[in-house]
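Trainee: Pasting in a structure now, in structure tokens, and then I'll have a few things to ask.
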Amino acid sequence: MDCNCFDPQWPADELLMKYQYISDFFIAVAYFSIPIELVYFVQKSAVFPYRWVLVQFGAFIVLCGATHLINLWTSTAHTRTLAIVMTTAKVLTAVVSCATALMLVHIIPDLLSVKTRELFLKNKAAELDREMGLIRTQEETGRYVRMLTHEIRSTLDRHTILKTTLVELGRALALEECALWMPTRTGLELQLSYTLRHQYPVGFTVPIQLPVINQVFSTNRAVKISPNSPVARLRPAGKYMPGEVVAVRVPLLHLSNFQINDWPELSTKRYALMVLMLPSDSARQWHVHELELVEVVADQVAVALSHAAILEESMRARDLLMEQNVALDLARREAEMAVRARNDFLAVMNHEMRTPMHAIIALSSLLQETELTPEQRLMVETILKSSNLLATLINDVLDLSRLEDGSLQLDVGTFNLHVLFREVLNLVKPIASVKKLFVTLSLSSDLPEFAIGDEKRLMQILLNVVGNAVKFSKEGSVSISAVAAKSESLSDPRAPEFFPVQSENHFYLRVQVKDTGSGINPQDIPKLFCKFAQNQALATKSSGGTGLGLAISKRFVNLMEGHIWIESEGLGKGSTAIFIVKLGIPGRSNEPKLPFMPRLPANHMQMTFQGLKVLIMDDNGFSRMVTKGLLVHLGCDVTTVSSGDECLRVLTQEHKVVFMDVSIPGIDCYEVAVQIHEKFGKHHNRPLIVALTGNTDRVTKENCMRVGMDGVILKPVSVDKMRSVLSELLEHGVILQS
């Protein structure tokens, strides 16, 4: 039997073979999964420095895994010991490989998360840097905004604003040069107006249609431009490398339709150009936050300039308004001085003209009552008519002057309205009878007998209107009708500004004067109420008149809150004058009332005053003589004096009437009247005091009444007027009508 030194080959165990197969499979899977994970790690990690090592390691592992796959097919029977060793090694290799693979699965995400955090922190740091840059930009912008706002509030001077802006921008951005180009008045060129370093002369111009200027004006952002462009050539020529240049537009306010109380229009076609230049021979470039700062400052400069422009324009408007106010005030004062001078002139001329008129009318009236031949009587009557016409003209001019300056006031009192109409009729009938005109008066039954108003002015209106009807009528008739107007008859479409208001205390008097005269052209009717206007088609040398009657009547009617108009169908068809005035009702109205006293009967006009002692005080010897002649003609015993002291010395209780000229220069006639009252004490013992004056103003009459005078007579005075005055004085102790 043969001896064998080696153990016989141990047959393969089915269980061990299964373990090897399983181990080889997992080892291969682990080997192949590891490089896949390494490739994923390399792709995800952008900063890993050992990529090729990982690639080689992955290749080695792939090859190792491949050997184990091969063993799955090349496995043969081995000895038991070898099989146990191989099995143990493979099992350990499988365990270590799987553990390594599983560990990498957990480690790789951690490694990647570390790199991700690093990148996240870097990104955050970059964002913080940008945010800090924005914050710094905002702080710079805020500082410049505050600086510009301070300049606006402190001066609002555009030159100061622009110079300060250039200086602050140059200091903040370390600029070599900064300039501002302003549009010229024509708008066709830009002119160099302000520079920071003053290296280039101010006043240089460039066309506004340059491409570089159009490029900047087309956007509101700061634009980088060539250092060689015309608007950027702000430094002396040299061999240095020019720095970067940016330009930005600055909107300007257009003030073509500027108004004080409104915002002006902002023109989008007018811009200034701001050019900013970095230092030469420098690698420095413009940063985004610097450009943003330039844009914000440009906007703030635009706002500042608009405020300055508005202020300048408003100051110019204020100065112009002040000049206009000064001119208006000067014109007003000159007008007031002219009005005062005119009034003073008229007052003086009124007095000075009435004094000789007094002599003419008084002496003519005295002459008329003497024995005269028919030819002489005609001459005297002509003198009296002409003198009365001149006196009327003087009255009209003075009335019109006071109406225009507003100094004339109505003298309101109670009067008999029916008697007033009959007196007007009695005054115009003699003239109408000469022309063979038939004059009628119709008063409605509802017309109040008494009324409250200005009787004198109402009579003046009636005489003007009725007098015109008689004057311009050669034949036919003149009819006068008066009614208390109803509401429906008050309105007149030709006078929309006339708004009559009915009340229990007042009524409206409607007077219509219709004639069959020559009529009026309709186009001439509006002119009739103008000063010195006459109906040219009818006015003749024989008609007389000054053209003031209707103008004055219209103003009197307006003072009485009424309306006046004229109607006519044309020449040869007659005319109708209508006026409405507002009058008070006695017992109901709150108007101040003067005591009503009836007029004297006609037989009083024939009275004589034989032996009546009268004293005349007048400094004008000629006027004294005329007044004395009137009184002597009426039978009076007349004493004349020329001063107040002489008057007080001569005056006794035997004197019944004192006629006193209140316009004596250097003598206070009102004080003389007061002393007469003091001298005689009780009223029935003192003489009656009557003022003679050429002044028609209301103040003179009020002053006379205030010092206790019994009446006021306006010069000139005729014999009939003096007779009427003395009759009223002796009958009532007062003159009812001046």
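Every residue, even glycine, has its Cβ placed from backbone N, Cα and C.
TrEMBL does not curate its annotations; it predicts them automatically.
From TrEMBL, for reference:
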type     : residues                                                       : note
BINDING  : Cys64, His68                                                   : Cu cation binding site
BINDING  : Asn468, Ala469, Val470, Lys471, Asp515, Lys531, Thr546, Leu550 : ADP binding site
DOMAIN   : 348-585                                                        : domain 'Histidine kinase'
DOMAIN   : 613-730                                                        : domain 'Response regulatory'
TRANSMEM : 21-42                                                          : transmembrane segment
TRANSMEM : 48-70                                                          : transmembrane segment
TRANSMEM : 82-108                                                         : transmembrane segment
Trainee: Counting distance between Cα atoms, which of the binding-site residues Asn468, Asp515, Leu550 is nearest Cys64 (Cu cation binding site)?
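Mentor: Going through Asn468, Asp515, Leu550 one by one, the closest to Cys64 (Cu cation binding site) is Leu550.
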Trainee: If you count other CB atoms within 10 A of each CB, which of Ala469, Val470, Lys471, Leu550 wins among these binding-site residues?
Mentor: Ala469
Trainee: Among all the protein chains here, how many other CB atoms are within 10 A of the CB of Cys64 (Cu cation binding site)?
Mentor: 17
Trainee: Once near-sequence residues are set aside, which residues in the chain of Asp515 (ADP binding site), 6 or more away, have Cβ atoms under 8 Å from its Cβ?
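Mentor: Result: Ala469, Val470, Phe472, Ser473, Gly476, Ser477, Val478, Ser479, Gly574, Ser575, Thr576.
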Trainee: Of the residues in the domain 'Response regulatory' (613-730), how many are helix, strand and coil by DSSP?
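Mentor: The counts are 56 helix, 25 strand, 37 coil.
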